[in-house]
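Quick notes on the structure that follows.
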Amino acid sequence: MSSLEISSSTFSQEMKLPSSPPLVEGSALEPFRCVRKDQNEIEEKPKDIIKFTPEKLSVDEVSQLVISPLCGAVSLFVGTTRNNFEGKKVISLEYEAYLPMAENEIRKICSDIRQKWPVKHIAVFHRLGLVPVSEASVIIAVSSVHRASSLQAVSYAIDTLKAKVPIWKKEMYEESSSSWKRNKECFWATD
């Protein structure tokens, strides 16, 4: 046998490599091993996080709430205030909600999502009060093992929120006028 030819039996007998490096307390590998062990041993409980606030919304904060080591996808919808509507210059939106009913309707949406798709965590944040141009008025985040479920769930969540949740929007225009708007998706809206 030449020096380049090594039989597999010789390799396995003479050059046994450890299957993984030894765990050393405080080593850089330790956290990864713990996460992996936890993933295999502990099932993470699904969370539905719902928040209405007058504070500025953070895409990073909301997306961090749904991240899970069990999931390979986080899908987001971010609704922002645009600067125009039907030729009028919009300077801000103002939102109001009937909170007990709005929270209950969003819980129903989360429940419906869980019936339709295998998702892990759901977060729905909606801003109330004045929302200036380019700022977020709603952020929806969903995590799932694969992207298709979270993408479909986010789309369903925003469409259903606009159709069923009692949230009202007033557009504030540059020329000092304003107009309350209905969502054309609302089931109680009539033409």
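Going from the start of the chain as shown, residues are counted 1 onward.
The backbone N, Cα and C atoms fix where each Cβ goes, and this holds for glycine too.
Since the structure is predicted, the reported quantities are computational estimates derived from the model, not experimental observations.
The annotation substrate binding site is assigned in TrEMBL to His146, Arg147, Lys162, Lys169, Lys170, Glu171. Here TrEMBL flags 1-13 as compositional bias 'Polar residues'. Annotation source TrEMBL lists region 'Disordered' at 1-24.
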Task = Just name the winner among Lys162, Glu171 (the binding-site residues) by count of other CB atoms within 10 A of its CB.
result = Glu171
Task = Report, as a single number, how many Cβ atoms besides its own are within 10 Å of the Cβ of Lys170 (substrate binding site).
result = 14
Request  = Any same-chain residues 6+ apart from His146 (substrate binding site) with CB under 8 Å of its CB? Would you list them in sequence order, or say none?
outcome  = Gly72, Ala73
